[in-house]
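Some features that TrEMBL has for this protein:
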SIGNAL    1-23  signal peptide
BINDING   ASP89, ASP366, HIS370, ASP407, HIS408, HIS474  Zn(2+) binding site
BINDING   ASP89, HIS200, SER202, GLU360  Mg(2+) binding site
ACT_SITE  SER139  active site, phosphoserine intermediate
Amino acid sequence: MASCHVSLIVGFFGILSIDWTLSVIPGRQYNNFCNIIVLCLGCCIEASPTSEEEVPQFWNIKGKDALLTALELKPNVNRAKNLILFLGDGMGITTVTAARILKGQLAGRTGEESVLAMDTFPYVALSKTYNVDQQMPDSAGTATAYHTGVKANYGTLGLNAASRRGNCNSAKGNEVKSVLHRARMAGMSVGIVTTTRVQHASPAGSYSHSADRDWYGDAELPTAAAQSGCKDIAYQLVHNTDINVILGGGRQYMFPKGTPDPEYSSSSGSRLDKLNLVDLWLTNKTVSSRQSNAHYVWNKDQLDAVDANKADYLMGLFEPKDTRYELYRDKKTDPSLSEMMEKAIKILRRNPKGFYLFVEDDGRIDHGHHDSEAKLSLTEAVEFDRAIARAAELTSELDTLTVVTADHSHVFSFGGHSVRGNSPLGISRKLAFDMKPFTTALYGNGPGHNIVNGSRAYVNETIQSAAPLDSETHGSEDVAIFAKGPMAHLFHGVQEQSYIAHAMAYAGCIEPYNDCSVEPLPTLPGHAWAAMKGTQGAVAWGRCFAQ
């Protein structure tokens with residue numbers, strides 16, 4: 001089929017019209033007529049290459065510019081005062097690429113040439129994600145690896161591989177401590193920000209020790225486990241580690257059963273032990289430090305009202321369970337990941353000893369992939385990258401090590417005769433052998449496997465899958481690690497996922513690397529280095545100055 005060459009504007013509105021069609025047709029199913037229209041649009045969305053891209057000099061200049069940047073790159077070997085770990089739950093390399101294209105298309109470009117904030121990080125490595133007992137990992141075993149430096153079994157949190165999932169007694173004596181916990185013990189401020197419930201596997205790996213990731217609250221804790229002395233994850237959240245900032249979802253696990261939710265009349269607390277963990281947390285912060293300024297919030301207005309220059313502790317729980325997808329977020333009542341992260345950094349950075357912050361989106365990226373709803377996953381990934389960019393504006397690369405990675409990937413791919421500027425959520429410009437269109441994005445398995453009368457159904461908004469499953473699975477391949485800042489050069493080559501915790505602990509001279517042989521940053525008042533920022537002096541001296 002011959003390609004159509006039309007303007008990017010027409011292509012962009014073509015994508016919007018496809019999305020509108022999907023949203024209004026009952027059952028979101030195409031009929032034959034709609035398929036023909038969509039197929040034609042998929043062809044016509046192709047964007048003509050810009051005139052500059054047709055000239056060899058354009059690519060030669062880009063290549064030389066990248067080469068000069070690489071030649072000028074020098075490792076920052078100073079100690080990292082601050083540590084930020086961005087975790088894209090389920091953000092495999094394919095998701096990164098698709099999110100890059102979507103970001104560019106949302107800005108009115110073809111998308112492939114777009115640049116994510118994480119793309120600008122100078123050091124990149126690969127992380128081997130397998131669990132000790134499983135080739136295909138889960139978010140709990142991987143969380144234990146990148147938080148603590150010790151690989152673990154599938155479904156377990158904060159425990160070494162000698163523990164067994166669901167066996168409370170196997171947890172005893174097999175606990176491993178996270179870098180976040182060790183940073184707090186060293187006097188740094190610490191925080192977790194997530195778009196999932198704060199008891200979810202990824203953030204919980206930083207503070208809990210649980211034989212089962214699903215023990216969110218005591219209502220989910222088996223009787224035998226409770227009788228053996230095991231505690232649910234929500235209980236551990238307020239007892240194990242003195243965390244300064246906790247932002248995400250998960251209200252229901254913090255309040256006694258029957259406690260009305262402040263936002264939804266159909267929801268209420270679920271705790272059977274009648275503990276109000278939020279009140280307990282607030283009381284403990286007041287008792288432990290008479291001068292502490294602790295706050296609990298549950299909506300955006302309350303979060304915005306918290307004075308980051310005065311608050312010492314902040315807990316914000318914005319949904320009973322996970323927060324809403326970015327695509328469906330109520331911008332008036334629900335804070336975005338970027339907004340939560342910004343508040344966290346402004347509170348934590350007041351500590352002269354530095355801070356450790358864990359930021360997770362892609363908990364919802366992960367969930368979108370499981371449902372084979374790539375549209376939800378990719379919009380989450382774009383917001384995730386927006387948070388990474390905002391963090392760069394709030395911190396200094398001179399004293400802050402920032403690492404971006406994923407816990408695992410998904411069986412998600414895209415390609416299949418897609419023209420330049422094709423939406424990663426679009427369809428191929430060619431028909432399959434059954435004379436039906438197919439999505440260029442595909443899942444290896446999942447709910448998108450749809451056979452009608454013995455043949456493949458027409459495409460709908462659920463991306464097509466090869467094998468039928470109720471929920472799409474994780475992938476088993478390596479994921480990327482992006483790093484910048486002090487000791488970022490330690491992230492190189494192909495590493496075990498557990499290496500991430502070791503490199504970050506070493507960069508910050510945190511246990512067990514308290515005496516790491518790196519040059520500490522000299523102390524300067526305020527932001528003395530900022531006066532030199534952007535000058536030749538900053539290049540020569542900037543690495544020596546603290547923020």
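We number each residue from 1, going along the chain as drawn.
In case you wondered, yes, glycine gets a Cβ from its N, Cα and C as well.
Counting neighbouring Cβ atoms within 10 Å of each of the binding-site residues (HIS200, HIS408, HIS474), the lowest count belongs to HIS474. For ASP366 (Zn(2+) binding site) paired with SER202 (Mg(2+) binding site), the C-alpha to C-alpha distance reads 11 Å. For the pair formed by SER139 (active site, phosphoserine intermediate) and ASP89 (Zn(2+) binding site), distance between Cα atoms is given as 7 Å, rounded to the nearest Å.
Rounded to a whole number, the C-alpha distance linking SER202 (Mg(2+) binding site) with HIS474 (Zn(2+) binding site) is 15 angstrom. Every protein chain shown contributes to the tally, and the Cβ of ASP366 (Zn(2+) binding site) ends up with 29 other Cβ atoms within 10 Å. Recorded residues HIS370 (Zn(2+) binding site) and HIS200 (Mg(2+) binding site) have their alpha carbons 16 Å apart, per Cα-Cα distance.
HIS474 (Zn(2+) binding site) and GLU360 (Mg(2+) binding site) have their C-alpha atoms 17 Å apart, to the nearest angstrom.
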